[in-house]
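Listed features, source Swiss-Prot:
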| type | residues | note |
| --- | --- | --- |
| COMPBIAS | 1-10 | compositional bias 'Basic and acidic residues' |
| REGION | 1-25 | region 'Disordered' |
| MOTIF | 137-165 | motif 'Q motif' |
| MOTIF | 293-296 | motif 'DEAD box' |
| DOMAIN | 355-518 | domain 'Helicase C-terminal' |
Amino acid sequence: MEQEENHSADHLSAQPGNGNELEESSVKERCFEQREALVGEPRCVICGRYGEYICDQTDDDICSVECKTILLSKLSAETRPVVKAAKRVNLPVGDESFCIRDENFPKIPSMHDGQIASLRSKLDICVKGEDVPDPIMCFSSSGLPEKLVLNLEAAGYVMPTPVQMQVIPSSICNRSLLVSADTGSGKTASFLVPIIAHCSHVRSERCTDKQGPLAIVLAPTRELCLQVEEQAKVLGKGLPFKTALVVGGDPLAQQIYRIENGIELIVGTPGRLIDLLMKHNVDLNKVDVFVLDEVDCLLERGFRDQVMQIFQALSHPQVMMFSATVNSEVEKMSNSLAKNAIHISCGNPSRPNKSVKQVVIWVESKQKKQKIFEIMTSKQHFKPPAVVFVSSRIGADLLSEAITVATGLKVVSIHGDKTMNERRESLRRFLTGEVSVVVCTGVLGRGMDLLKVRQVILFDMPNSIDEYVHQVGRASRMGVEGMAIVFVNEEDRNLFRELVQILKTAGAPIPRELANSKYTTGIPLGGGKKRKLKSR
């Protein structure tokens, strides 16, 4: 049959060998023709062999035409009643389940302006801007596609978090945003939900193959991009919504092939996306949503010029910027990208999450290893899965090995010297519970939704108090209580004053050595010369 002849060429996406198009003869027809998957490689959802291809209909990894046929047969059996109902789309009446318009956006019917202000105050939501939309109380009241609401429920989103209550309606009303919120408050879903709703609406009205992207999300690290894309896939399941991950460490040709075959969302790092745009002709004319996740980190890593270069290639998109902390550089970036943006702040982003109990211990550098061994062998104090932050890449490898030898625990390390596949596999093993401890540099300190983590250990203090806030925040997601154990000593003296203020605000105990240090009391922070002159 003609359909069967074109089956592999039209509906399998694969990593090309010497070009951007897959030769029909190279497609594996049968499962046994495919090799076994190596560590870190995608696996076929049917047989577990190397997932060389992507099934366009489901976005799942598959190894051959045979497994694709099995996958689609299962999908057809599971969704047959839904498929029958969906035939109504062909009638003259439009499918309004995807329609989202500013003028029919539902308000909270039973609340007047005073009650809205009271609600924002109770939820610690602060807004600044003109005609700010009212917050929503549930996902179903925001005009989202029914399938998206079901996906949210299946993913465990029972009701919106405070940041989602305010960001989702503001985004749906096509407003540009600058958002700051506590670590672990649900920022990622707050921008993915309106993106998926928008893309679904556009594609349902103009459904053709191989269309260019409608939205771009930029993030500072490969791990964060990977997680954002994975969450987008979960929330967009069953909707006309496909993604492309554009990060270093993965083959560029595969990323290009994916985009050329039609996607709605690009998630990537600025450097890799610039590289892709310079070497290949990617149509960005229809991109109307531009998201910057962890803006402060993007700026700290020197991505400002690259972000601006990508932005200038777009045609007046809606801009949404998210960060756990907002400083003058972030505000300057906001003013450059979006005029009249709504400023939304939830909680106190400059302080650790209130749900995290901070336990600061004075430990000399030579005693740190022994102290962490004691913690991890104590049933009372060790609450796996746990994340341990260190200051160096080699330190991450050495400490992970030492913990394994001393305690018998399964430990992995993650840092920038690891390949993308190694980092992805280590993170997968940690998130699935195969290992109970991950030792890492600051690469997991930003934005990652480590949902099961309830304990963080700062083996080495970070270089700034902002990074301290981010790393401590890994111990709590979505308001669930967690614990952060922090090792400090004289080497961290530049952070003593700010650290003490944070601990006082949180009502956390302060070690005697820290409280009595001359760097905490009486001597202002500054350069060595200023302290010398003061002491004289």
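The backbone N, Cα and C atoms fix where each Cβ goes, glycine too.
These numbers come from a predicted model, not from an experiment.
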Beyond the flanks of the motif 'DEAD box' (293-296) by at least 6 residues, Cβ under 8 Å: 187-188, 191, 217-220, 224, 228, 321-327, 329-330, 333-334, 446-447, 466
DSSP puts the residues of the motif 'Q motif' (137-165) at 17 helix, 0 strand, 12 coil
Provide the three-state DSSP residue tally for the motif 'DEAD box' (293-296): helix first, then strand, then coil. 2 helix, 1 strand, 1 coil
Summarise the model's confidence over the domain 'Helicase C-terminal' (355-518) as a mean pLDDT value. 88
